[in-house]
């Protein structure tokens, strides 16, 4: 958090560097002492480690970008300590509210961590003669979702802190910044390798840290849920998202998913993906490539980092809005009784749709669907605007019903706590999704015959099960990290101290 002072003009001005540096010392990881029991495997015991070169320990690569400018990160355990110390007051407040005796609870704290990782295109500098680095970046960050304590003689763990804004960039702490392309699997895994090693070491150890004047012990549970589908597939060794294996949660193929839209259950897991990769690698039954691929259900690379099989609420919104946009286009052109319209025809329907949305909804056409556009498009007003261009009354009714159902379903995967915030929609979800699927496979059969998009399948088939397991989908989404991306861009373009050695450090 940069502490800025307002000048008389009302603009924010950064403080002089020496005062910032002094303040940073406490705010950045590497300030507080702590220890691990047992000591972490292959991680140094030193606590006072600030920003490190993410490639430290790797041999310098002969590449077009100098290796020391590619990535900066904090050591994972040091960053977690800093984040916990940030929450010190909240943790103490939580203990007091529960009337838990201070000296009684020094052990048994457990901390739930959400991990997010996302790639960003085009992070070029406006001006600056820095070293040549790729123009794409990847950010890995974590959020402390909750801290609970298992009190002596109690069966239930008591939650003493829960992050109220799990999707804000304020609660999302950056851990590692890399100037790499998220599609460059080798570099990505090379840079994140040490992070994964530290994370695995921490699973089997307890952190001893002074909180509220007493040494307390914490265990960490990591859940990688803030990834979009592309990143999940990359981390878990699955084929890319155009694969016939449509889902990162179950083994369904695209054709099966379009036939049976709602009845699937979550079967994939990190361990199973590892086993399948071994089968793929060794081919013990000497099968042909096709048979083997069917046996491993599209796992064809080594799973690299454990992710939690869930669905990313933000990208779910975007994916489904893209799909609705295409349905609107097709309905304007009455594709249901035309075979193979030409490109020109499609283009004219799209122009008509954009013009109507701009006029009625003030929606400017966008190159790539983004969250804000998606939110505005998926409303009753938007459907009414589209219906003005659709001739047949029964098609209008079908569109209205489809959107009505979608609006009923959406809060269930968007809200932080659906059981509290929208219990009725949660109860009706399966019923609504069945009806939604029925509409798609009858009225809109021309689009869903043998094909369906990945997120639409997940929305219809997996939401209730995930909510039942985790209590929420929205809280575990990647939005905090995405908002952080915006800050990253801003800092990189404007506020990084002008010497290149600092630039990555500043943005972290």
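These residue numbers are counts, starting from 1, taken along the chain as shown.
Positions of Cβ are set from backbone N, Cα and C atoms, glycine also.
What TrEMBL says about this one:
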- 1-34: domain 'V(D)J recombination-activating protein 1 DNA-binding' (DOMAIN)
- 35-107: domain 'V(D)J recombination-activating protein 1 pre-RNase H' (DOMAIN)
- 111-243: domain 'V(D)J recombination-activating protein 1 RNase H' (DOMAIN)
- 245-307: domain 'V(D)J recombination-activating protein 1 ZnC2' (DOMAIN)
- 309-471: domain 'V(D)J recombination-activating protein 1 ZnH2' (DOMAIN)
- 479-508: domain 'V(D)J recombination-activating protein 1 C-terminal' (DOMAIN)
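Note: the domain 'V(D)J recombination-activating protein 1 ZnC2' (245-307) comprises 27 helix, 3 strand, 33 coil (DSSP; helix = H, G, I, strand = E, B). Across the domain 'V(D)J recombination-activating protein 1 pre-RNase H' (35-107), DSSP assigns 24 helix, 8 strand, 41 coil.
When the domain 'V(D)J recombination-activating protein 1 RNase H' (111-243) is classified with DSSP, helix, strand and coil residues number 26 helix, 55 strand, 52 coil. Across the residues of the domain 'V(D)J recombination-activating protein 1 C-terminal' (479-508), the predicted structure has a mean pLDDT of 71.
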